[in-house]
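The domain 'G-protein coupled receptors family 1 profile' annotation in TrEMBL covers 41-290. Taken from TrEMBL, the feature transmembrane segment applies to 25-48, 60-78, 98-120, 140-168, 197-225, 237-261, 273-292.
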Amino acid sequence: MDRINVSTVSEFIFVGLSDAPQVRFLLFVLFLFIYLTTLAGNMTILVAISQDTRLHNPMYFFLCNLSLLDILCPTITVPKMLEALLFEKKGISFTGCMVQLFFLIDVVGTEIFLLAVMAYDRYVAICYPLQYVNIVTMKLCAHLVIGTWIAGFFNSLLHTSFIFTLFFCDSNKVDQYYCDIPPVLALSCSPTYTSELVILTVAGVLGSGAFLVTLISYVYILLTILCTNSAESRHKAFSTCGSHLTVVCLFYGTTICTYVRTSSSYSPNQDRIVSMLYGIFTPLLNPMIYSLRNKEVKSTLRRMARQVRTAL
């Protein structure tokens, strides 16, 4: 079979969407509702934190960045998917596919590092409460957040450059709703061993490092909470950390299932389900998890609702 350079491929075709008009319309309505709800939920969190000076502290600064990432993640993929469902335009240009994959991996990588930073923040807050203000300064928070965005950028640049220098044969049909590493790698007729090795190594080192920071932080947090005599303090600590831990479990579980594997074990049907979990449903659930479990956020949202009702 002849090989052609990827630069000669003009477009990729998404084949993971239904061809039945009624099913396409129902999916369009469902995903549009989820997307708009996700935007509304995360933007509400951003507005609530920016408007309430009591929430201007490191924990909510990190939460703002998480909400921003949860806005960007579905925005990278869902609009193109909605266009395909409504107008049956399933093609995406080579450049569009490369840009979509780059920003998706960038956002996913940044969120992995940010969750580790948030775990460290909770570790200092619970294990060293008296020194917290001196240790976790806003200057340190800014440096940590900038570091997560830079790390996510270079991580994505490395993966994208390795994938889009491969050779592709006749098939340009991406068995997914959008361009992602597993379905694009599955199209290549070049040996993908080097690319997969780099992806697994980088993901293993960076992902494992971030996961270890998160895990160790929560081990110390748990030990500190269990040694606390006050039931009220234990409840407050569990309530504060429970939200973050729930998000961590959702995010790590889905991303590991998607990226930490070889192309030979790629399963289109399984991948579509898992990718929807971390790409669409997790950004939807995050603001609900934080708003429902956090008294300060709930109080701010109730006050904002009263102000809106009064204005109307």
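Even glycines carry a Cβ here, placed using N, Cα and C.
The listed stretches are 25-48, 60-78, 98-120, 140-168; of these, 98-120 has the most Cβ pairs under 8 Å to the transmembrane segment (197-225). Beyond the transmembrane segment (60-78), the same-chain residues lying 6 or more positions past its ends with a Cβ under 8 Å from any Cβ of the stretch are 31, 34-35, 38-39, 42-43, 45-46, 49-50, 100, 103-104, 107-108, 110-111, 114-115, 117-118, 121, 138, 141, 145, 148, 177-178, 247, 279-280, 282-283, 286-287, 290, 296.
For the domain 'G-protein coupled receptors family 1 profile' (41-290), the model's pLDDT averages out at 82.
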